[in-house]
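Visitor: Before I ask anything, here is the structure I am working with.
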Amino acid sequence: MRLALHAEFTKLRTAPGTGGLLLAILIATVAVSALAGTGTSCVSGVCELDAVKHSLTGVQIGQSFVAVFAIAAIGGEYGNGMIHTTLTAVPRRLTVVAAKVVTTLAVIAVVAVAAVPAALLAGRAGLARQGHEIALSDFDTQRAVLGSIAYLLLIGVLSIGIALVARNATAAIGITLGLLYLFPLLAATVTNESLVRVLYRMSPMNAGLSIQATTGLADLMIAPLAGLGVLAAWAVAALVGGTLSLRFRDA
């Protein structure tokens with residue numbers, strides 16, 4: 001396992017575009033949150049605003065780059081044929097999957113730990129000028145930050161699983177982003193309230209991002225931790241499917 005981990009870290013470090021994607025995760029997450037904080041026209045006391053969730057808006061964009069990065073770690077090997085070399089060097093396919101998951105998530109975690117708190121601070125600075133204060137020591141604020149980091153990690157797991165099944169980076173990116181953004185689009189076009197609630201609760205993105213909510217918790221369509229659990233279920237299902245695909249299909 002140690003040799004497999006070392007090999008996967010080496011491949012990630014030397015793969016073209018790795019640095020650019022990681023930088024894109026950081027910049028997109030922080031920049032969009034900063035824009036959300038300064039661009040809102042909501043004035044304190046006039047409209048309802050979950051300042052913490054609003055300040056973490058950048059996660060919704062950063063997740064797309066997380067997905068691309070995680071998929072590239074898998075799809076790139078299928079694209080250039082390196083997967084055959086990998087499986088020759090490490091015949092145990094479960095070990096290969098485990099090593100890829102651990103190394104990819106470790107890198108995502110480093111970026112997410114920097115990007116999410118920075119996004120909160122960037123959004124908070126903009127909202128503060130409009131009278132919206134965010135208490136950084138508040139439990140719900142900290143839960144939203146840690147939950148957003150966990151959210152990005154689960155997006156990584158989901159993407160890896162889909163990439164293992166699709167075996168093509170372009171197809172995997174399309175499937176993953178479609179899965180994330182399709183449910184919100186459908187919910188926006190449906191008028192039946194019960195169906196909207198079902199779509200929201202099934203959506204890996206909508207349900208997962210409920211972990212960011214800090215106000216009106218009793219009125220949420222799904223509780224924060226339960227919502228993150230929905231995303232976790234999607235991620236585990238995708239990873240199990242991907243692992244079985246690698247285990248029983250020819251590379």
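Glycine residues also receive a Cβ, built from the backbone N, Cα and C atoms like all the rest.
Just so you know, TrEMBL annotations never went through curation; they're auto-generated.
According to TrEMBL, the record shows the following:
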TRANSMEM  21-46  transmembrane segment
TRANSMEM  58-76  transmembrane segment
TRANSMEM  97-123  transmembrane segment
TRANSMEM  143-166  transmembrane segment
TRANSMEM  178-200  transmembrane segment
TRANSMEM  220-246  transmembrane segment
Visitor: Report the listed stretch (58-76, 143-166, 178-200, 220-246) having the maximum count of Cβ pairs within less than 8 Å of the transmembrane segment (97-123).
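Guide: Selected stretch: 143-166, with the most Cβ pairs under 8 Å.
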Visitor: Same chain, outside the transmembrane segment (143-166) by at least 6, Cβ under 8 Å from its Cβ: which residues?
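Guide: Tertiary neighbours of the transmembrane segment (143-166) are 25, 52-53, 56, 59, 62-63, 66-71, 73-75, 97, 100-101, 104-105, 108-109, 112-113, 115-117, 120, 172, 175-176, 179-180, 204, 208-209, 211-214, 224, 228, 231-232, 234-243, 245-246.
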